[in-house]
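For 76-209, the entry in Swiss-Prot reads region '7 X 13 AA repeats of [GW]-X-X-M-X-X-G-X-I-X-[IV]-X-G'. The repeat '1' annotation in Swiss-Prot covers 76-88. The feature repeat '2' is assigned by Swiss-Prot to 95-107. The repeat '3' annotation in Swiss-Prot covers 114-126. Here Swiss-Prot flags 140-152 as repeat '4'. Per Swiss-Prot, repeat '5' is recorded for 159-171. Per Swiss-Prot, the feature repeat '6' maps to 178-190.
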Amino acid sequence: MGFVLVPKSDFQIPLEADTIRPDLFEGLDLDEIRSLQVYEGNIKRPLGEFFEIAETSHEDQLIRIDGDVSRVKYIGSGMKSGKIIINGDVGLQLGCEMKGGEIEVNGNVSSWIGMEMHGGTIKINGNAGDYVGCAYRGEWRGMKGGKIIIQGNAGNNIGGGMMAGEIYIGGDAGNFCGIRMNGGEITVRGDAGRAPGAEMVSGIIKIHGRISSLLPGFKEISTFKEDGSLMILFKGDLSEKNPEGNLYINYNKNLHILENETDEGRVITKKGIKVIYNSGSTIREGQIIKGGNKLTDDYIDECARCCISPEDYKLLGEPENVVVSSHGNEVVLRAVEDPGIQMGTIFIPRGIWANVLTPPYTESTGSPMYKGVPVYLRKASQGERILSAEELVEEYGVGK
């Protein structure tokens, strides 16, 4: 026997309802189901306070929820069998740590769905938020099995730390799709944001639309046709140890990335040339700040520099200093010609100067937010100088 749940009223305080699971309902009568405990804030209350619950003659181990549960979290968390159908929008952490069964949503869902799931299927006939199939914060191992199907769009950090399983997105995806991916497969039929596959070491990502930017840690391998589209396979992320990640992108929709520009064909605007900025810690930087002091001349010498490809360095007139600008902020840095840098990209050691340029993007933590950022690069004028760490803190309020 199945059950139908209908919210009695709007939820004023978010509800944590991990007891809404077909395998937990099995064998219980209506009174026992109504008595199952949920959390309203930090207070335990019976499920029956919030939902009208009735039996239905439909298939066994079926729960149908009719109504808006966008402020209800953990529905289907850890479920092992059965089916949940939700006719309405759903809140955070739907189906997290799910091991089996099926969840279908006729509406939109919030973030963290299928987090660290092991098996089963989640189907969303609408849009989804961030962190689909990802790992908990502080963990590196995300989705380990199962399948997530999203017919609409999805947000940032899809499949973060994914180990196995499948994620299908019928629409667009946000930034850092497949970040730190270790296995499994992600398919995006629409467009994706910047830096797909950041720090991936294994797994497959297929993006059939346009991507905002491609990290320099991906190497082009081959071209082939799939479903009538010309696709290109890249291997990466080469910034990781022994990477075996496969990133497929649509050739015709990504000519802005795939067509190698020449220095003669690039245009210097008033802002400068548009490049992709990447950052990371260096060994020397670590040695300098080991004692916690970032206010030394050595620190400025190491971190207030911009590594530029020979082509771009020549295009800018072989400058001594450059100005890098992003989202309204700009810094002056010492220009360093580096043959290890790809044309159209720059590298700045992670420090206060890099922090000024990094967008205030908080959906990701750690190094990936310092990767694949579009910035402008120009030759510094005679009156523009490199600011000290103290001056940057005072001007921009960035932390040390």
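One-based numbering along the chain as shown.
Cβ coordinates come from backbone N, Cα and C, glycine included.
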CB contact flag for the repeat '4' (140-152) and the repeat '6' (178-190), at least three pairs under 8 A: yes
Secondary structure content of the region '7 X 13 AA repeats of [GW]-X-X-M-X-X-G-X-I-X-[IV]-X-G' (76-209), with strand meaning DSSP E or B: 0 helix, 44 strand, 90 coil
Cβ-Cβ under 8 Å with the repeat '6' (178-190): same-chain residues at least 6 beyond its ends: 140-143, 153, 157-172, 196-209, 245, 247, 364, 368
Tertiary contacts of the repeat '1' (76-88), as residues 6+ beyond its ends and Cβ separation under 8 Å: 18, 20-26, 59-70, 94-107, 120
Residue numbers, six or more beyond the limits of the repeat '3' (114-126), whose CB comes under 8 Å of its CB atoms: 79, 89, 93-108, 132-136, 139, 141-152, 165, 167
Long-range neighbours of the repeat '5' (159-171), counting only residues six or more past its ends (CB under 8 A): 114, 117, 127, 131-135, 139-153, 177-190, 203
Taken over the repeat '4' (140-152), the model's mean pLDDT: 96
